[in-house]
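Presented below is the structure to which this report refers.
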Amino acid sequence: MVWRTLGASNFSTCPNGSVQWIWDVFGECAQDGWDEASVGLGLVSILCFAASTFPQYIKACKTGNMDQALSLWFLLGWIGGDSCNLIGSFLADQLPLQTYTAVYYVLADLMMLTLYFHYKFKKRPSPLSAPINSVLLFILGTVCITPLLSSTDPVAVPREGFRGRTLLSVEPGNKPFTKKEVIGFVIGSASSLLYLLSRLPQIRTNFIRQSTQGISYSLFALVMLGNTLYGLSVLLKNPEVGQSEGSYLLHHLPWLVGSLGVLLLDTIISIQFLVYRSHETAAASEREPLLPS
């Protein structure tokens with residue numbers, strides 16, 4: 001594995017030692033149980049984010065109304081946030097594993113966007129427009145990402161701490177922000193803002209439709225779980241040597257806001273699922289014919 005060759009050179013910089021495989025794979029200096037728990041939660045959060053879109057793919061194929069159920073601005077905001085993470089993974093010299101994970105998230109978002117336009121164009125008169133435009137959209141996104149992926153340089157670089165879906169990070173320490181840190185902080189803030197703003201159009205769409213039909217709740221449930229675990233993984237990690245807790249939280253503030261802050265909006269969407277589904281169940285029971293006496 002490419003990222004495995006990057007860990008041996010600076011293992012001595014870990015003051016109290018580290019779990020070897022955690023250092024080899026992530027370059028993370030896991031000094032105690034808190035750091036190990038942080039890495040474990042981060043890994044589970046990645047699995048949650050990676051699996052979150054599959055239920056929506058299945059739901060879209062079953063219902064065929066994804067273009068009505070999901071807000072386009074929700075999808076664009078989501079892919080915008082993940083794209084910022086992808087850009088930041090290159091600017092901040094992230095590990096190849098983290099970069100490939102960021103690429104996967106963007107490709108998963110492109111697949112969601114492809115399904116959206118597939119069902120939107122499918123309603124047009126030309127029967128060929130839907131598959132052609134969907135395939136072209138996915139190919140275009142893949143072509144745009146492939147040069148970035150192929151340009152990943154496997155030369156050893158300063159190692160960042162382990163991250164979940166939000167891959168951007170900055171150097172530890174109490175010193176003022178460097179230019180590189182400022183760029184990462186700005187991109188991370190933009191990413192968090194896009195994640196937050198993306199929920200508002202979806203909440204509005206659900207409210208206007210008074211329905212959540214066509215949306216898989218597993219999409220939001222897994223994202224909520226992933227964001228919770230990621231936020232906890234950041235909070236559980238020990239600050240670096242010589243770094244205060246306040247400095248650590250300040251350096252990671254945008255990503256904490258992007259993960260834990262969005263939970264409030266996802267909770268609102270969860271409430272919409274409960275309310276509108278109860279209405280739909282009641283309406284369906286009213287439409288059932290009365291049994292003959």
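Here the Cβ of each residue, glycine as well, is placed from N, Cα and C on the backbone.
Summarising the annotation, Swiss-Prot assigns domain 'PQ-loop 1' to 34-100. Residue counts for the domain 'PQ-loop 1' (34-100) under DSSP, split into helix (H, G, I), strand (E, B) and coil, are 59 helix, 0 strand, 8 coil.
Helix first, then strand, then coil: DSSP counts for the domain 'PQ-loop 2' (191-243) stand at 39 helix, 0 strand, 14 coil. The domain 'PQ-loop 2' annotation in Swiss-Prot covers 191-243.
Look at Swiss-Prot and you will find ASN10 (among others) tagged as N-linked glycosylation site.
Positions annotated as N-linked glycosylation site by Swiss-Prot, on the basis of sequence analysis: ASN16 (among others).
Annotated topological domain 'Lumenal' per Swiss-Prot: 1-37 (among others), in sequence order.
Look at Swiss-Prot and you will find 59-71 (among others) tagged as topological domain 'Cytoplasmic', backed by sequence analysis.
Per Swiss-Prot, topological domain 'Lumenal' is recorded for 93-96 (among others). Each residue in the topological domain 'Lumenal' (93-96) has a pLDDT score, and their mean in this model is 60.
Per Swiss-Prot, the feature topological domain 'Cytoplasmic' maps to 118-127 (among others); the stated evidence is sequence analysis.
Summarising the annotation, Swiss-Prot assigns topological domain 'Lumenal' to 149-182 (among others).
The topological domain 'Cytoplasmic' annotation in Swiss-Prot covers 204-214 (among others) and is backed by sequence analysis. Long-range contacts of the topological domain 'Cytoplasmic' (204-214) within its own chain (CB-CB distance under 8 A, at least 6 residues past either end) are made by residues 59-60, 63, 65-66, 68-71, 74, 269, 272-273, 276-277, 279-280.
Annotation source Swiss-Prot lists topological domain 'Lumenal' at 236-254 (among others).
Taken from Swiss-Prot, the feature topological domain 'Cytoplasmic' applies to 276-293 (among others).
Same-chain residues lying 6+ beyond the ends of the transmembrane segment (38-58) with a Cβ under 8 Å from its Cβ atoms: 22, 26, 28, 30, 66, 70, 101, 104-105, 108-109, 111-112, 115, 162-165, 215-216, 218-219, 222-223, 225-227, 229-230, 232-234, 236-237. Feature annotation from Swiss-Prot assigns transmembrane segment to 38-58 (among others).
The transmembrane segment feature in Swiss-Prot is assigned to 72-92 (among others).
The transmembrane segment feature in Swiss-Prot is assigned to 97-117 (among others).
Swiss-Prot lists 128-148 (among others) with the feature transmembrane segment, giving sequence analysis as the kind of evidence.
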Handout entry: Residues of the parent chain within Cβ reach of the topological domain 'Cytoplasmic' (59-71), under 8 Å, 6 or more residues beyond its termini
Key = 112, 115-117, 119-120, 122-123, 201-202, 204-205, 209, 212-216
